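Data block below; observations after.
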Amino acid sequence: MDLRNALLRVAARRPHVLIIGGIGTDRLRARVEHEVDRRHWTNAMAPADTDVLVVIGHPGPELRAVVDDVWATVPAPRARLDVRNEHEVTTALDDAVTVLQDLPAQRAGAPRDGLRWDRPSDPSGAHDHHDAHDDDTSHEQDTGHEDHDGGHHHGGDMELPGGLAMADLGEDRDGLALDQLHVPLGPVLPEWPSGLVVDVVLQGDVIHEARSRFVDLDDLDATERLPDAARALDSAARVLALACWEGPSARARGLRDALLFGGSSTARVLEELDDLRRRVRRSRLLRWMLRSGEAGRSELLEALDDKLLSARAAAAGGGGEAPVAIDLAALDARLVGAEFAAARLIVAVADPLPQPARTRPTEQEGAS
Amino acid sequence: MDELTPALVLLAIGVLLVAGVRALARILSVAPPLTNVMPHAGGLPPLEHPVSRFHVRWYVVTMVFLAFDMEMIFMYPWTLVVAQMGPAAVVEMFGFLALLMAGVLYAWREGALRWT
Amino acid sequence: MSVALPLGGSVLLPALLLAVTWAAVTADAVAAGRAAGRPVPWTVAAALPGREALRLLVGQRRRGVASDELLRGVGGAVLPIAALLAAVVLPLGLRPVADLGAGIVWFNAMEVFAWAAVWLVGWGANSTLSLIGGYRFVAQGLAWELPHMFALITAAVGAQSLRVTDVVAAQQGLWFVVIMPVAFVAFLLSVAAMAFWGPFGAPVGRDIAGGAAAELGGVDRLVFMTGRWLLLVAAAAMAVPLFLGGGHGPWLPAWAWVLVKTLAVLAALVALRHRIPTIRMERWTEFSLVVLTPATIAQALVVTLVALGEGGLR
């Protein structure tokens, strides 16, 4: 037991952090990321690799349900924090380490069964369902789940594990009958716009249909937006990270943080920004990777360059042009037919802004 | 067989190492395995089991690969005898490879190596 | 004639590989920090592999809904074991653990186990993102394996032997990298590719939240990730006997030369990795089949003609 305690102490000192926030939490997210980087901690890619789950801002009902569902899949040792404003970040992360190092609490609070949104009609899973609830007493569980349970695939004649159906056939773009998977992508993915969900139909790794929406759009009035320069840099950092060019991505993020939280002079930021832009423009490999069509012209690369350029203009005080809000319907259209990696880049480049709900059809849940 | 003994010993060591690490983790881990985890695709529950017939759009590439792979089986032993057999062996092997390459270039021209 | 090490070498080999792996992970962390403009102190980087391993050892494992635990378990275990077995033919100095007559083919066969391993782990998790990752690796494999095999064959033709120690012996005067640079470059690329690492990291990429490894927790992740690094190290070390003269060199003993050269290859790979983005598999396939494969075939032809002309390179 002592040995385990000691090991846990060492292991917990540099945890992997997963940040979840709804629309309008970009500044807070940047703050947490900045603090995580400063401590040489790691940003987790998925719940399986997560030690610390940081919930930022005030998530609405739908996102709260998502957070609970994600939390149910995070393996122990684990810590969950709510960070509501920037002053809490440092102490919250400090506390996380303490929570992670507390062996008795970790043992008691470890999740046992991940089937949290189990159908009540499923007798085998009902018991486990309650177990999961007992383990996790800090939040109301029942608020959000009805939102997901409306799916039409559940409760069919044949009960498969987890109450999930098997993939069904559908025609692909060439008219072949192929298995289709209905997958809601987001809102908890690396380098993903806050609060965005894209319900996709996948055939293999190619997107057949896409329908994007924002969770908890009703809270839109509470949205605070990043300054233009920081927003452009944040978006550029995501594109670079998805191209797995980690160094420049981290530099773009560092520049964003410098603009948001100070730390270096504007002149220095501009100089580094120019340097970054030069590197991005010069990389032939990046051009080759981001090239979309035959022509050798790359819309993605041009968009990336535009982002860096507008960031520079805004940072230099020129105001720059306001970011063009991309229509979600236009985003959907672009995603259809894209391979998964390309689709991720398209979403990152588009970086859609939350739009008032009335511009979109409201039957979101049934979209599939 | 003698030749292979160290490899077999190493195989045993490798299996023991993996089993040992797993046993160690069983003792050290803070909790028994978490079961029935929903697959992660962003936090919302999936509608279907992801194991499906994955549409492999690059199946033509597998055919090209297979042709070359068979060729490799000839080429490995060929390396041992090419010096004794002389120029004839070189001409035969590289003639064969040239044919295969012509096939690849044809497939490329037809767009078979592009799938998105 | 076999010049294998005594059986104790079998015990020593895993320890050596793990030690070099530790160094490689440390160097990678330092290089990542430098590329990010946020330097990581050496002390932090040097402790990183151990700390991560501990973190995963105390971590909870997870099993997905209807996931195939047998496939996942087997796949995860195959990765490090294949790396160890591939390293069997690696001369540690001038003598390998097992001096197989067809050592190059053995290496090739062991390293191809990674295909099965990654796909099994990706498929077994019953997760969409893992599934995509697993298939990405197979697609990538189809592309890098051909230039890789031609590179191996080129070295074998140069020595007119498939025995790795013969290949080293043939380089007493001249390192093969001098007469087969294209094969060397193709080999280095495939080293990164077979370990789905760096520019070839798409199967465990960020866009698919860790891909094949997305659902792995605790010791499962530890075994998988360690296996991946071991594979990288074993394959990078193989470049030394094949192209860089093995243990040959002045002043230092043979084992020291092998170690120095292996570390140099790894350092080059790590440095390169942080300068370039990830390569997308569909772009790579085209390049690999249309450019790299003919280039390595031409390289093999040149070396064959030279070998014929000289009656062997020795």
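Backbone N, Cα and C atoms are what each Cβ position is placed from, and that goes for glycine too.
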Annotated range (TrEMBL: transmembrane segment) out of C:16-39, C:112-135: C:112-135
Recorded stretches the transmembrane segment (C:254-272) and the transmembrane segment (C:174-197) touching, at least 3 CB pairs under 8 Å: yes
Top Cβ-contact partner of the transmembrane segment (C:284-308) among C:70-92, C:142-162, C:174-197, C:229-248 (pairs under 8 Å): C:142-162
Cβ-Cβ under 8 Å with the transmembrane segment (C:229-248): same-chain residues at least 6 beyond its ends: 17-18, 20-21, 24-25, 79-80, 82-84, 86-87, 90-91, 93-94, 104, 107, 111, 114, 151-152, 155, 164-165, 167-168, 171-172, 175-177, 180, 183-184, 187-188, 190-192, 194-195, 197, 254-255, 257-258, 261-262, 265-266, 269
Positions whose Cβ lies under 8 angstroms from the transmembrane segment (C:142-162), at least six residues beyond its ends: 101-105, 107-108, 112, 169-171, 176, 179-180, 183-184, 186-187, 189-190, 193-194, 200, 242-243, 281, 284-285, 288-289, 292-293, 295-297, 299-300, 303-304, 307, 312-314
